[in-house]
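Novice: Residues or ranges marked as active site by Swiss-Prot: Unk47. The feature phosphoserine is assigned by Swiss-Prot to Ser32, Ser195, Ser199, with similarity to another entry given as support. Annotation source Swiss-Prot lists N6-acetyllysine at Lys86, Lys112, Lys146. Sequence annotations record features per position, and here Swiss-Prot assigns N6-succinyllysine to Lys86, Lys112, Lys146 based on similarity to another entry. If you look up Swiss-Prot, you'll see Unk47 marked as site 'Subject to oxidation and hydroselenide loss to dehydroalanine'.
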Amino acid sequence: MCAARLAAAAAQSVYAFSARPLAGGEPVSLGSLRGKVLLIENVASLUGTTVRDYTQMNELQRRLGPRGLVVLGFPCNQFGHQENAKNEEILNSLKYVRPGGGFEPNFMLFEKCEVNGAGAHPLFAFLREALPAPSDDATALMTDPKLIAWSPVCRNDVAWNFEKFLVGPDGVPVRRYSRRFQTIDIEPDIEALLSQGPSSA
């Protein structure tokens, strides 16, 4: 069993994990976000839904951040090589290419990582174990098996860019959404979690 899966198996919440910010610096412990509702997405700057999803992530962070939502984006190049820029190039790609027009994410972006396979970030190994399939499309699979560029392949793998994981204020994953489910449409589920108030976990 790889280290990522061992870490995922031992974890009880996302608070066991950390990730390095895209801008550099020390890793951010997700434990520092205790009591917040988290929306975690694997992102890519050259995907067909980049403009839609990035702008909707910004909108949710703008509207619901003051009430306790934290949006987290994890660039990943495992799906159609649609995040092939280096870490230091991603923000400029977003600003000038897609979405473009001076776009700047107002949410936390982390360094590129893998979300599937033996090299998967431990956070994503945990999320996939906790929520094996998207709630809106339990049969979601990668549409073209020739594009699978990781091993081992598991039934609970992330199928494409912009899958979403909603995590409650106790750090426990609540719901997973497919790439087809628009980010902005998660708002009612986020509102429901925010209305529960912060957890003491």
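Cβ atoms are placed via backbone N, Cα and C, with glycine included.
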Novice: I'd like the number of other C-beta atoms within 10 A of the C-beta of Ser32 (phosphoserine), please.
Specialist: 10
Novice: Nearest to Ser195 (phosphoserine) by Cα, among Ser32, Unk47, Lys86, Lys112, Lys146 (recorded positions)?
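Specialist: Nearest in space to Ser195 (phosphoserine), counting only the recorded positions, is Ser32.
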Novice: Work out how many Å separate Lys86 (N6-acetyllysine) and Lys146 (N6-succinyllysine) at their Cα atoms, rounded off.
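Specialist: A Cα-Cα distance of 24 Å.
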Novice: Of the recorded positions Ser32, Unk47, Lys146, which sits closest to Lys112 (N6-succinyllysine) by Cα distance?
Specialist: Unk47
Novice: Quick check for the class: what is the C-alpha distance, in angstrom and rounded, between Lys146 (N6-succinyllysine) and Ser32 (phosphoserine)?
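Specialist: Distance (Cα to Cα, whole Å): 39 Å.
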Novice: Pop the Cα-Cα gap between Ser32 (phosphoserine) and Unk47 (active site) into the table, whole Å please.
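Specialist: Spelling it out, the Cα of Unk47 (active site) and the Cα of Ser32 (phosphoserine) are 31 Å apart.
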